[in-house]
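Q: Relevant sequence annotations retrieved from TrEMBL are reproduced here:
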type     : residues                       : note
DOMAIN   : 260-352                        : domain 'Transglutaminase-like'
ACT_SITE : Cys268                         : active site
ACT_SITE : His326                         : active site
ACT_SITE : Asp349                         : active site
BINDING  : Asn389, Asp391, Glu439, Glu444 : Ca(2+) binding site
Amino acid sequence: LAATQPSTNWHLKENAREHHTSKFSSEELIVRRGQAFTVTFNGTEKPEQNLIFLAETGPKPSKATKTVATFGISSTVSKEGWSAVLQSTSSNSVSISISSPHNAVIGRYRLSVQIGSSSTASLGTFVLLFNPWSSGDDVFMPNKAECEEYVLEEFGIIFAGNKNHISGFGWNFGQFQEDTLNICLSIMDRSLYYRQDPVTDVSHRHDPRYLGRVLSAMVNANDDQGVVLGNWSGKYEGGKNPTSWTGSGEILQSWKKSGFKPVKYGQCWVFAAVLTTVLRCLGIPTRTITNFSSAHDADGNLRVDEFYDADGNHLERGADSIWNFHVWNESWFTRNDLGPSYSGWQILDATPQEESGGIYQCGPASRHAIKEGEVDLDYDCPFVFAEVNADCMYWNYDSATGKKTLILSKSTEIGDSISTKAVGRDDRVDVTRDYKYEEGSAKEREIFKKARKKLGLEDKFDPTAPTQEEIEQKPDISGKFKVAGSLEVGKDLNLLLVLENLQSDAKTVNVNMTAWSTLYTRRPVNEIWKDSISVTLAPKEVKQFPIKIKYPEYQQQITTDKTIQVTALCHVEDGIQVLVQRNITLDNPAIDIQVLGEAKVNKEVVVEVAFTNPINTEVKDCVLQVEGSDLLQGILELRIPPLKASEKSSTKVKLIPSEAGPKHLLVNFSCDKFADIKTFKMVNVIN
């Protein structure tokens, strides 16, 4: 007998509730592995006839690659493979509870059934995801509040600025937005790994370690036409400035709509945010991490070298750099390859910095391995270890002679205030102690030596390294820059250079000072100001020199990163040079958001967004962008008329919330004088 096409009831609502997938807006069943789901189908004349089910995924399903499963009705759930348990039958329909194993390949499955001796009939498709709520899964997270935050939460805060001045901005991960899941599945199918060998690639998709690495490569455009194209030039023609994005949805949609052409442009937090979206969508608990004073050690010697000329200008020499901050990801899963103590948070980094295995991918590196200096463990531990631990060498470079002289070395500079968003709150949590022992402690130095030894750096002569004598030389004076007044775009920048004579005889010092606008990577872009002074310091004397950089002086030169590096290179007569530097991040003026009235599900609520022009000239080309999961569909973009000096603009936006609970509205305001002023507001939606 030929089977008639059965009609299938996937019990979407009930299954989604059980599987924590209710937030997906999909007509297709989305479930998590290692957990039962119910399906009812009819068209069976005699439901008690033996039923054989077939679940298959990928281009060439096979038993060997665990991409196909054949299973009949059994009385209990199988411990190993797929199983089906009969729930109930009526005259022509049957309800079945289907369970997948804890280590099933994730992705889209085709489900079919053979009734008796008739031919196989298709029941349709469903998507299987990782299951952090299930104790057998590699991504199992015992703390339910953490599951909520790191898998189900669509709002995040990314920390930026610099270690003296940490700021945070909101991001809409939007992992449950329409079509995001399909886009995530197509990201996997466009990777180099899949293109080279689709069958093997799909068979590895049970492993979060494998997928994390593959997706860290696919989120950047290098090598594989991945999602986001990086740009650190300070010029962003032909694309969007990386600081202008407010969420991942727009980026993923653009990538798909353009026929999978890389989206222009991203910098580290964009790569990290998009990777968070993709991994949370697939069910791997993931968060963004910001490391302040982050080392990019290009030559693998656990040392970063910075060069300055005699005038105090920061030179772009060598491939090493120290970024004001760098953002990467941590994902939570077991490391069966390394052993239980290395399980838990794993570092992944989608920013294309260095190649690993011939392509731009990074991780997973076990966070525990980084803390213990186990840099020989997979994957990319030396690079990540250097990001938080490298020693810093500051050199004076004479371009005429090619001679370099060490000014100072610091072992406590790198890897500061490592930050992430708190669980269930809009606060910053410091996780530095999870990455390293206390800076400057004997244990921390011991681990650093251990890492150097494992990398073969202890026994190798390095001609580029400073001598012990150079490292131990003691300067005659010390200096620092102090901030006097506010650090805000549109206001003058007031600083104090404080110099102290450490000796008991007078010292004459020639000071060359510069201020450059930079990117957040400290790459110098435009010179803003320079000056030189000659100073005599009496024995043990402390002197202060005020520095004022007026807004009109830096307004044209500053980048959208709003960062300025101020340097004073002090040439002490008959003594060694002293370098004083400070990286300054300016704040944007504030925007204010007020919710007018109560926010209720499916009822209109008005939100007022206000901005006051703080400078004494008109600002024009004003654009307001608003987005927020469960508060409005897509992104709202509003053009605002020019604002005269000190004029206030007030814009009303209508929202219709679609779900109850704490939701976040993200606002981005730009004009010709201020780029990407960001703020967010928590809106508590009630039923």
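Using the three backbone atoms N, Cα and C, a Cβ is placed for every residue, glycine included.
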Q: Go ahead and report the DSSP secondary structure tallies for the domain 'Transglutaminase-like' (260-352): helix first, then strand, then coil.
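A: Residue counts in helix, strand and coil order: 18 helix, 41 strand, 34 coil.
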Q: Excluding Asn389, Asp391, Glu439, Glu444 themselves, which residues in that chain have a Cβ inside 8 Å of the centre of the Cβ atoms defining the Ca(2+) site?
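A: Close Cβ neighbours, site residues excluded: Val388, Ala390, Ser411, Thr412, Ile414, Gly415, Lys436, Gly440, Arg445, Phe448.
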Q: Below 8 Å Cβ to Cβ and six or more residues apart, same chain only. Which residues does that give for Cys268 (active site)?
A: Trp323, Phe325, His326, Val327, Trp328, Thr351
Q: If you count the other Cβ atoms within 10 Å of each Cβ, which of the recorded positions Asp349, Asp391, Glu439, Glu444 comes out on top?
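A: Result for the most crowded candidate: Asp349.
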Q: Show which residues of the chain containing Asn389 (Ca(2+) binding site), separated from it by at least 6 in sequence, have their CB under 8 Å from its CB.
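A: Once residues fewer than 6 apart are set aside, Asn389 (Ca(2+) binding site) is near Ala295, Leu302, Ile414, Gly415, Lys436, Ile447, Phe448, Ala451.
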Q: Return the count of C-beta atoms lying within 10 angstroms of the C-beta of His326 (active site), excluding that atom itself.
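A: By my count, 26.
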Q: Taking all residues of the domain 'Transglutaminase-like' (260-352) together, what is their mean pLDDT?
A: 96
Q: Between Asp391 (Ca(2+) binding site) and Asp349 (active site), how many Å separate their Cα atoms?
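A: Rounded to a whole number, the Cα-Cα distance is 21 Å.
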